[in-house]
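What TrEMBL says about this protein:
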type	residues	note
DOMAIN	198-450	domain 'Chorismate-utilising enzyme C-terminal'
ACT_SITE	218	active site, proton acceptor
ACT_SITE	267	active site, proton donor
BINDING	311, 446	Mg(2+) binding site
């Protein structure tokens with residue numbers, strides 16, 4: 001494996017030191033090189049021995065864009081701030097403004113990854129202590145697979161010394177070596193504990209009364225499933241299982257010390273590339289069939305179901321209205337199609353638009369989150385209802401998660417079908433949209449289906 005030449009690293013470092021002295025602040029150096037093909041999952045697992053608790057993984061549904069980060073060169077946080085989106089964007093812009101990059105970097109990095117909690121105004125519990133309301137990381141090493149090519153990026157600062165540079169080159173060579181790694185299986189599940197299922201059903205009845213009274217149109221209620229294991233959960237095999245089992249999903253992993261938030265979500269929140277903007281409306285769902293015929297029947301039933309179509313239309317209206325504030329040529333098809341996953345199928349409407357000059361990625365996230373698919377409608381009263389009746393600290397569950405590059409382009413998803421791993425425990429989350437005629441038992445069964453992707457990847461099922 002050809003590695004990054006040490007003299008290139010040193011040359012950029014010396015240039016950065018001169019610049020840092022002139023502006024009296026540390027300067028980022030970002031060096032990217034095209035390399036031979038690498039398996040991103042192999043790189044993720046290999047990096048554990050050097051950067052356990054400091055890794056991330058990202059893949060879009062067709063795996064045409066995959067990123068793995070290891071190590072922490074810089075961190076950007078915003079806790080308890082009214083406009084956390086703008087705060088993160090401002091920190092990032094200020095940080096990369098003076099960055100020194102080699103030519104290859106401009107097609108890839110530097111890139112920060114991270115996410116936002118679902119609701120910063122919700123009372124917090126210790127469950128999410130490691131995850132701020134807004135947290136983003138610039139990794140020390142990043143492997144990027146895009147458009148059939150693979151790149152390695154090293155991010156470092158001007159105030160390090162030469163011994164650090166030598167260690168970076170050594171680690172890069174180690175991470176990209178073709179040596180085999182030990183295959184690890186998922187650990188055995190001891191027990192699955194449903195957290196307050198009866199109270200959750202009762203909360204649905206309370207919410208449907210408010211909706212019937214005309215206080216709101218829809219509220220999304222989530223619940224937690226606690227999973228206990230014999231041993232500490234290893235992230236890599238869970239991630240590999242998700243990749244194999246959950247086609248048409250975005251895969252994500254964010255490690256924070258001994259905690260790891262990961263999942264396989266079908267739902268894109270927003271993507272911005274230049275002036276091109278994409279989003280999607282994903283609301284209304286039904287199970288997959290046991291046969292082709294049954295699956296088609298269930299899909300047809302979903303497309304004609306009044307409750308699900310109403311729920312979906314609320315999301316379409318909100319996303320269109322939000323994008324029209326800052327975009328031009330907002331386009332959606334007249335009818336939804338079916339978005340089929342392994343265990344469930346959804347009503348799906350894609351959205352495209354063209355951004356105006358005053359439209360930023362962080363601004364789009366702020367406008368869109370939370371959509372009625374994850375919060376409800378109207379937005380503020382549904383959020384207040386969730387705070388009052390939902391006995392759950394969602395943390396980053398159902399929040400915006402993704403990445404932003406040096407051009408302030410990027411992509412964010414809605415972090416559903418997800419779980420928080422903590423040593424020998426995992427908290428899995430699932431929710432569903434409640435409207436006036438929602439039936440508590442039917443909604444409960446829908447969440448059972450939505451637990452399956454993570455539970456299956458962890459090696460279990462709901463009978464345990």
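Keep in mind that glycine also has a Cβ here, set from the backbone N, Cα and C atoms.
Distribution of TrEMBL features across the structure.
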residue: 218; record: active site, proton acceptor; contacts (Cβ under 8 Å, 6+ apart): 211, 311, 314, 372, 376, 377, 382, 433, 434, 435
residue: 267; record: active site, proton donor; contacts (Cβ under 8 Å, 6+ apart): 250, 280, 282, 373, 413, 414, 416
residue: 446; record: Mg(2+) binding site; contacts (Cβ under 8 Å, 6+ apart): 285, 432
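The number of other CB atoms found within 10 A of the CB of residue 311 (Mg(2+) binding site), across every protein chain shown, is 26.
Restricting the average to the domain 'Chorismate-utilising enzyme C-terminal' (198-450) gives a pLDDT of 94. Secondary structure at the residue listed as 'active site, proton acceptor', taken from DSSP and collapsed to helix, strand or coil, is strand.
In the three-state DSSP assignment, the secondary structure recorded for residue 267 (active site, proton donor) is coil.
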